[in-house]
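Everything on this sheet refers to the single structure shown next.
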Amino acid sequence: MRQYLQIMDSSASENFYGYIVASYSLGQMIASPIVGYLSNRLKKIRHLLYIGIFLAFLGNALYLCVHLFPIEERRYALLIGRFVTGIGSSNISLLKAYASSASTQRDRSRAIALVTGGVALGMTMGPAFQLLFTPIGYPGPNILISGLMLSMYTAPALMACIMNAVNAFCIFAYFREVYAGVISSRSQINRNEPALPKIDKRALFLCYFTRFTQMFINTNLETLGASLAMVLFAWTRTESVKYFSAAQAIMSLLAFLIYVGFIMFRFDRFLHERCNVIASLFALLLFHILTYSYPFLPGHLTTYSSEDYPFNGTDIDDDINNEEIQHVGCDTSKFSWCNSVRSTNPFYFYICYILFIGLAFPSLNVSLNTLFSKIIGPRRQGFQQGLLQMAGGAARMVGPVVISVLYSAYGPQSAWLMEMGVISLNLALLFTCYGRMIPLTIPPIKRTSTATLINSSNGTTIIKENGGEEFKNGKTNGGIILNLKNEEIKNKIIDERTRLMENNNCENVGKEKIKSMEKPKRNENKNIEENKSEENNTINRMASLDLE
C-alpha cells in the first residue's frame, strides 16, 4: 500500500501513510465494542455480520477506485476507504465470541483455532496474494468500467470485494446459530445452580495488553516491511513487494500447519495456554534481538539522494516500473540516519522472520483467545471480545503512527527498541500475574436428589427418593413433586415416615375410643328396649287378668 500511495500522490509523506494504516484500526476500534454490545443484547450475530460484510465491501471498492479521484484528493479517498473497511472488520469480534459461546470448554481451543486461524491466515496470506498479482504490473489493463484500471496494487482490493460477496452467501446458506457454552440465569434457577463468579478484571486487562502487544508488533512489521526492505537491501519497489510477499506466503503455510495441529491433533493437550503465550512473546523478542542493526556489524547501506533526480527518485515518471532507471537504497535527502545504519543479510533476516514470527503469531493467536474465553467463563462474550478487538485496533492505530515517526527521524533501530520495550513490559506483567491467568473457577454444584411426595384425599401417601427405597402407606394416582437437597432428603423421609406412623396410631386410637363410646350407648339402648318390652308384657298380662 505504501508504493500505491506514492504512485497516487507522490507528495504524501511517511507520516500520512501511517495515518492511512491507522485509520483502519480506528474504525475497528470504534465499532468492535459497539457491535459486541449489540450482539449481547440481540443474542444473535447474523444481521450484524451482514452489515460488517457490506461495509468491508464498500471500503475495498473505494480503494479500488482511488485513481479516479483528482490527485489532491486521492490520499483522503484512500484514508476513508481504509476507515470504512476497518469498521467492517469488527465482524472478527463477533466470530470469536460465537466460537467461545458455541463450544464447550473441552473443545474451546479447536473452535478458537478454526476462527482465529481463518482470520490470521487471511492476514498473512493477504500480502502473499500480492505475489500472484505482481505480473499484472502498473498501470495494468482497463477492465469493464471505463477508466477503472486493474493493476498489481488494485487487484487485491477487487479480490477482497469478491470474497466479501462469497462470505455473505455462505452465511446466508450455511450459518446456523447454536449456543452450547452459555449458562443462562434461567437455567441456573431451574437447576439450583450457583451464580457465575465475577470475572477477574486484572486477568482481562492483561489479555487486552497482550493482544495490544501482538498487533503492535504485527502491524509495525507490516507497515515497515516493504519500505524497510527497499532501504536495507537496496531493492526496487517490485522486488520488495515480490520477496516480502514470498516470505508472507511461507509464513502462511507455517501458520496453517500450526492451526491444523490445534484442530486435528489437539496441541492444546500438550501446551498450556499461559506457557504458550509467554513462549510466543519470547519468540517475538528474540526475533528483534537477532535482527537488530548493531553498530559493530559490517557493511553499510546503499545510498542516493532524490534531490539529484526528478520525479521522486526516478528519471522519468511515466514508467514507474522500469527497474533500470529506479534508484535504490536509502534516500539521504529524506533520512539523516542512512550512513549510521548497518545493512543485514536478506536471507538471514527473512529466515528469522519466517521462523520466529511465523511460529509465534499463530500460537499466540490461539492460546491467548482460548485463555481469554476461559477467563470470562460460560457467559455471552460479545462485549468482552469487542474490547479485546479494540485493544488490537488501538495497537494498529497507534503503532504505525509512532513507528513511522521513529523510523523517519531515527531509523529502524529506534523502531526495534520500541517494540522490544513493549514486549519486555508485557512479559514482566505476565510473570507478575501468572497465578491469575487461569480459567474462571465455578463453585461445585451440590448434587440434588428428587423425592416424590404424593398426597391424596383419602389420606394415603407415597414417599420415594430417586434411586432409593420406596415407603408406602396405601396407593394413589395423584400428587406433588418436591426437589430436595441430599442433606435434607433423608431427614425429610424420616420425618414423613414418623408422621405417617403417628397418624396411623392416632387413627387406630381414635377408632378404639369411638368404639368404646359407642358400645355403652348400644347397651343402654338395648336395656331401654328390653325394659319397654317388659313393661308392655306386664301391661298385657294385667289387661288379660282384668278381662277374666
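Backbone N, Cα and C atoms are what each Cβ position is placed from, and that goes for glycine too.
Taken straight from TrEMBL:
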| type | residues | note |
| --- | --- | --- |
| DOMAIN | 1-438 | domain 'Major facilitator superfamily (MFS) profile' |
| TRANSMEM | 16-36 | transmembrane segment |
| TRANSMEM | 48-70 | transmembrane segment |
| TRANSMEM | 76-99 | transmembrane segment |
| TRANSMEM | 111-133 | transmembrane segment |
| TRANSMEM | 153-175 | transmembrane segment |
| TRANSMEM | 215-235 | transmembrane segment |
| TRANSMEM | 241-265 | transmembrane segment |
| TRANSMEM | 277-297 | transmembrane segment |
| TRANSMEM | 347-366 | transmembrane segment |
| TRANSMEM | 387-410 | transmembrane segment |
| TRANSMEM | 416-437 | transmembrane segment |
| COMPBIAS | 511-535 | compositional bias 'Basic and acidic residues' |
| REGION | 511-548 | region 'Disordered' |
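Tertiary neighbourhood of the transmembrane segment (241-265): same-chain residues 3, 109-110, 113-114, 116-117, 120-121, 124-131, 134, 152, 225-226, 229, 235, 346, 350, 353-354, 357-359, 361-363, 366, selected by CB-CB distance under 8 Å and a gap of 6+ residues from either end. Within the chain, the transmembrane segment (347-366) has long-range Cβ neighbours (under 8 A, six or more residues past its boundaries) at 109, 112-113, 116-117, 119-120, 124, 210, 214, 218, 221, 232, 243, 247, 250-251, 254-255, 258-259, 262, 268, 271, 276-277, 279-281, 283-284, 286-287, 290-291. Same-chain residues lying 6 or more positions outside the transmembrane segment (416-437) and placing a CB less than 8 Å from one of its CB atoms are 200, 202-203, 206, 209-210, 213, 216-217, 220, 273-274, 277-278, 281-282, 284-285, 288-289, 291-293, 371, 375, 402-403, 406. With a threshold of 8 Å between CB atoms, the same-chain residues lying at least 6 positions outside the transmembrane segment (215-235) that come near it are 2-3, 14, 17-18, 21, 25, 123, 127, 241, 243-244, 284, 301-302, 328-330, 335, 338, 341, 343-344, 346, 349, 353, 357, 361, 391-393, 395-396, 398-400, 403-404, 407, 412, 415, 419, 422-423. Within its own chain, the transmembrane segment (387-410) is flanked in space by residues 14-15, 17-19, 21-29, 32-33, 36, 86, 90, 92-93, 96, 207-209, 211-216, 219-220, 223-224, 228, 334-335, 337, 369, 372, 418, which lie at least six positions past its ends and keep a Cβ under 8 Å from the stretch. Here the transmembrane segment (277-297) has long-range neighbours at 210, 213, 217, 340-344, 348-349, 352-353, 356-357, 359-361, 363-364, 367-368, 371, 411-413, 416, 419-420, 423-424, 426-427, 430-431, 437, meaning same-chain residues at least 6 beyond its ends whose C-beta is under 8 angstroms from one of its own. When each of 16-36, 76-99, 153-175 is scored by its Cβ pairs under 8 Å to the transmembrane segment (48-70), the top-ranked stretch turns out to be 76-99. Beyond the transmembrane segment (76-99), the same-chain residues lying 6 or more positions past its ends with a Cβ under 8 Å from any Cβ of the stretch are 4-5, 8, 19-21, 23-32, 34-36, 39, 45, 48-49, 52-63, 65-66, 69, 111-112, 114-116, 119, 177, 369, 373, 380-382, 384-386, 388-389, 393.
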